[in-house]
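Encoded as structure tokens, the structure appears first; notes follow it.
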Amino acid sequence: MAYPFQLGLQDATSPIMEELLHFHDHTLMIVFLISSLVLYIITLMLTTKLTHTSTMDAQEVETVWTILPAIILILIALPSLRILYMMDEINNPSLTVKTMGHQWYWSYEYTDYEDLNFDSYMIPTQELKPGELRLLEVDNRVVLPMEMTVRMLISSEDVLHSWAVPSLGLKTDAIPGRLNQTTLMAMRPGLYYGQCSEICGSNHSFMPIVLEMVPLSYFETWSAVMV
């Protein structure tokens with residue numbers, strides 16, 4: 001999860017987020033090299049005493065600054081497209097959970113079970129227990145098995161919302177009348193926090209998301225109790 005004065009991205013707990021972190025570093029290095037080159041050229045132009053005012057064209061330079069940006073864009077586009085296809089790939093999910101956005105809470109339904117559904121509201125600040133996080137804790141966490149592919153079906157009952165969990169690399173819009181889907185897989189147990197990431201009204205900041213990733217045996221025990 002995030003911590004105060006954090007400069008980087010949250011720690012990855014899913015294969016997709018690990019790929020996104022690598023892509024971020026890859027793109028950042030390209031931007032750094034371009035910025036350094038531009039700064040170096042500007043410094044040379046400001047400090048040199050050499051001038052050539054009669055130059056009308058320079059085809060070699062024009063060729064270089066046409067081909068080089070094209071190569072750079074390809075180096076950025078190829079890994080980006082690879083990750084986009086990975087995020088859209090859904091193969092034999094072990095569990096399906098339907099998520100509905102409301103003003104201003106989330107509701108969840110485990111579609112593989114006959115009657116396993118609940119609403120998830122933010123816990124008010126005055127009701128928090130010691131150690132709990134302000135504006136991030138909920139009364140009903142989404143308990144899911146780790147190291148298994150989970151499909152999330154996401155929609156909305158009223159206005160636009162967005163279901164986002166940064167540590168898992170997830171952000172999917174919840175649109176009224178439309179059912180979007182995404183997959184998640186956590187590689188380690190723990191609590192993972194997210195929030196609605198689409199401005200949806202006056203209490204937009206007060207509809208957090210909490211995923212509790214647990215071993216399969218614990219999940220089976222929890223689901224049996226809930227049903």
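Quick reminder: no glycine exception, Cβ is built from N, Cα and C everywhere.
As recorded in Swiss-Prot, the features of this protein are as follows:
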BINDING   His161, Cys196, Cys200, Met207  Cu cation A1 binding site
BINDING   Cys196, Glu198, Cys200, His204  Cu cation A2 binding site
BINDING   Glu198  Mg(2+) binding site
MOD_RES   Tyr218  phosphotyrosine
TOPO_DOM  1-14  topological domain 'Mitochondrial intermembrane'
TOPO_DOM  46-59  topological domain 'Mitochondrial matrix'
TOPO_DOM  88-227  topological domain 'Mitochondrial intermembrane'
TRANSMEM  15-45  transmembrane segment
TRANSMEM  60-87  transmembrane segment
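Recorded features from Swiss-Prot, shown on the structure.
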residue	record	Cβ neighbours (10 Å)
His161	Cu cation A1 binding site	30
Cys196	Cu cation A1 binding site	25
Glu198	Cu cation A2 binding site	17
Cys200	Cu cation A1 binding site	21
His204	Cu cation A2 binding site	17
Met207	Cu cation A1 binding site	23
Tyr218	phosphotyrosine	15
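Only His161, Cys196, from the recorded positions His161, Cys196, Tyr218, place their Cα within 10 Å of the Cα belonging to His204 (Cu cation A2 binding site). DSSP gives Cys196 (Cu cation A1 binding site) a strand state. Mapped onto three states, the DSSP output places the residue listed as 'phosphotyrosine' in helix. In the three-state DSSP reading, Met207 (Cu cation A1 binding site) counts as coil. In this structure, the C-alpha atom of Cys200 (Cu cation A1 binding site) lies 35 angstrom from that of the residue listed as 'phosphotyrosine'. Remark: secondary structure over the topological domain 'Mitochondrial intermembrane' (1-14) totals 0 helix, 0 strand, 14 coil, with classes taken from DSSP.
Sequence-distant neighbours of the topological domain 'Mitochondrial intermembrane' (1-14) (same chain, 6+ residues past either end, Cβ-Cβ under 8 Å): 20-21, 24, 166-169, 184-188, 190-193, 213. Glu198 (Cu cation A2 binding site) is 33 Å away from the residue listed as 'phosphotyrosine' when you measure Cα to Cα. Over the topological domain 'Mitochondrial matrix' (46-59) the predicted model carries a mean pLDDT of 75.
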